[in-house]
Amino acid sequence: MEIQFLGTGAGQPSKSRNTQAIALKMLDERNEIWLFDCGEASQHQILNTAIKPRKITKIFITHLHGDHIFGLPGFLSSRSFQSSDEQTDLDLYGPVGIKEFVLTGLRISGSRLGYRINFHEIDSAGKIFEDDSFEVYTDLLDHTIFCLGYRVVEKNRVGELDANALKEAGLPFGPLFGKIKKGEVVAYDGKTFDPKDYIGADKVGKIVTILGDTRKTKTAVRLAWQADLLVHEATYEASESKMARAHGHSTTKQAADVAKEAGVNRLLLTHISARYVGPLVGQLVREAQAVHANTFVSKDLYEEKIG
């Protein structure tokens, strides 16, 4: 898995930071990309990346403030134009009201999509998605309006099959290898091949937590518990805690406190106020790293491998 930031600014676009959008690239795991928030000009930012819109199969909206949703109608329309003839449906998760916002924009603009949007409006905490390889949980944060955080959990995967050991034990390469990989005991040529003798330890899945706008809250700690990566907003520097609370946001130190309390490995900060440019960004980094060393202040188009 990889994460890429399409927008890292707060409130409105600036010369150096676009509004909020984050791509969680799961190409090796499921040949998909999941998008978290879709602020103004997100589709333009995508043009500066290797992301293909048709690969985006799920969008998770944290809340309905404009800097997190104003890019949705344009992106959804362009996805029709840029995709192949066989267009894939898209799942859209978010607070109650996201369906009305999207459908109203598409209707008034006369836009017609070549694919179906499956809307999943959320009004409470819990598990919102599960398949054979991933689970997604959500919970309510502490912002000025209803706002969500998301916890993406990759399930453990079966360990590597020791093909050389099987061959040396007398099992010819073929379909029986697949049965052993699935956990089946195989009998061949008078011998029994037990999967536990030829499959390594399970590969532990990654945990990624992406939060919307929020004051410091215990909910954030729960969502981020033992995560490999936490994406947390840090709109203000540490000395502006009163300002942050008044506007429903967090400081660098508060975000780092959450990461430390939750036992997070890596913390990436986003939703940075436009007042912080140049050397001031370094100040934000130092404030957070004083609490949680493995921290970085994200910038637009920044990308890194998870774990």
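Backbone N, Cα and C atoms are what each Cβ position is placed from, and that goes for glycine too.
Same-site candidate for Zn(2+) 2 binding, as annotated by Swiss-Prot with D67, H68, D213, chosen from H120, H271: H271. Annotated Zn(2+) 1-binding residues in Swiss-Prot are H63, H65, D213, and among H143, H292 the one listed with them is H143. Within 10 Å of H271 (Zn(2+) 2 binding site), judged by CA to CA distance, lie the following binding-site residues from the set H63, H65, H143, D213: D213. The Cβ of D213 (Zn(2+) 1 binding site) has T62, H63, H65, H68, L141, H143, T144, C147, E233, T235, G248, H249, H271 as same-chain neighbours under 8 Å, each 6 or more residues away in sequence. Of all the binding-site residues listed (H63, H65), H63 sits in the most crowded Cβ setting, with the most other Cβ atoms within 10 Å. Note on the binding-site residues H68, H143, H271: the fewest other CB atoms within 10 A surround the CB of H143.
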